[in-house]
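Below: the structure, in structure tokens.
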Amino acid sequence: MSKVSGSNGGDSKNTLYCSFCGKSQHEVRKLIAGPTVFICDECVELCMDIIREENKSSMVKSRDGVPTPQDIIKVLDEYVIGQRQAKKILSVAVHNHYKRLAHASKNGEVELAKSNIMLVGPTGCGKTYLAQTLARIIDVPFTMADATTLTEAGYVGEDVENIILKLLQSADYNVERAQRGIVYIDEVDKISRKSDNPSITRDVSGEGVQQALLKIMEGTVASVPPQGGRKHPQQEFLQVDTTNILFICGGAFAGLDKIISARGEKTSIGFGASVKSQDDRRVGEVLRELEPEDLVKFGLIPEFIGRLPVLATLEDLDEDALIQILSEPKNALIKQYQRLFEMEDVELNFHEDALREIARKAIVRKTGARGLRSIMEKILLDTMFELPTLEGVREVVISEEVVRGSARPLYIYADRQEEKANASA
């Protein structure tokens, strides 16, 4: 029962308790009664959060049971700022891929081919995060591989089959489920051919890896040991068909913008010749003109590019986009640190100009959104060190001067109305 009688006086004589978390009616705002149980407002909110998360993963489906591109992009917008064109390309490609799988068993004259995806964009612009969010929306197994650790079979390093093994592990060794998963291969620009001409010596971590990836990306039955690698050659192998696995490759491709710009320049002589100024466009703007031939010049082999028919380029993030990333998404950095401070019963607030200064610092570092956390850690380090031992602090305020390093955070105490700047120390 959730009703307790006590002998400590009238207040505790008929105290009611939540049947789920055990809190009394005095500890919560509302206690809702059922036939034999009680539930508090906090447990109701928790249940609603769980239901919302489940609804998000299942989403509103189209007639064939696949999320529509509009549904996919709507959820992507909640987590990833900007990159509208890349989101549109991704949402259509993923929708078509899983629609193809939904109709695979039906008889038809036209066989739909798989469309793997190549993401190209500056570092820290959201390539990896887009792929992770996509897998969460579709609710399929997802794994991420680093192309720089891959080598040809027989050499020290990871085999490409290890990627399929990781996918199988994320599917709890359910082969059927793994065969519908998503694989994201990061840093794919680092496996480019070391020179334009085929070399007589083996390039085991560059072109060799591209050759090894061809078959699993196109579709093959990979033999995967349950415990990985070449360590247990005697054990029985699992057979995983990669035909329906969606491969997304991503890379920063530093210097690719120069290749694109050079292709766009046409030299002419004589009186009608136009004088070209140096291309001063941002990297993201130049990348919009990307063609497969540019990736071949960069060092990817034509067969590899042919397995990635969908090309999506991402913009480099400007100041406004970085400010949005700091504060707007559901798991924004500011919200994460505010939650951390809430655990100490302290409110954390940032001035608008402080956020702008943080964004400027990230742009100077050329690390994109990835550099925001390290900047935040540096700003809040001393405060997070001192806070657990300070008493009475109600609020911490971060200004532009604090971000620049010329001032300390402002501490506002609960037991005093005056504001105290922790300037000396």
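For all residues, glycine too, the Cβ spot is worked out from N, Cα and C.
Worth saying up front: this structure is predicted, and the values here are computed from it rather than measured.
According to Swiss-Prot, the protein carries these features:
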type: DOMAIN; residues: 6-59; note: domain 'ClpX-type ZB'
type: BINDING; residues: Cys18, Cys21, Cys40, Cys43; note: Zn(2+) binding site
type: BINDING; residues: Pro122, Thr123, Gly124, Cys125, Gly126, Lys127, Thr128, Tyr129; note: ATP binding site
From the centroid of the CB atoms of Pro122, Thr123, Gly124, Cys125, Gly126, Lys127, Thr128, Tyr129, the recorded ATP site, which same-chain residues not already listed sit within 8 A by their CB, in sequence order?
Gly121, Gly250, Ala252, Leu314, Gly368, Ala369, Arg370
A 10 Å Cβ contact count, applied to the binding-site residues Cys18, Cys125: which residue has the minimum?
Cys18
Across all the protein chains here, work out how many other Cβ atoms are within 10 Å of the Cβ of Cys21 (Zn(2+) binding site).
13
Using Cβ atoms only, which residues of the same chain lie under 8 Å from Gly126 (ATP binding site) while being at least 6 residues apart in sequence?
Val80, Ile81, Gly82, Gln83, Leu314, Leu317, Gly368, Ala369
Given the recorded Zn(2+) site (Cys18, Cys21, Cys40, Cys43), which additional residues of the same chain have their Cβ within 8 Å of the Cβ centre, ordered by sequence?
Ser19, Phe20, Gly22, Lys23, Val28, Leu31, Phe38, Ile39, Asp41, Glu42, Val44
Can you grab the distance from Cys40 (Zn(2+) binding site) over to Thr123 (ATP binding site)? Cα atoms, rounded to a whole Å.
46
Measuring Cα to Cα, how far is Cys21 (Zn(2+) binding site) from Cys125 (ATP binding site) in Å?
42
Look up Pro122 (ATP binding site) in the DSSP assignment and reduce it to helix, strand or coil.
coil
Pop the Cα-Cα gap between Tyr129 (ATP binding site) and Cys18 (Zn(2+) binding site) into the table, whole Å please.
39
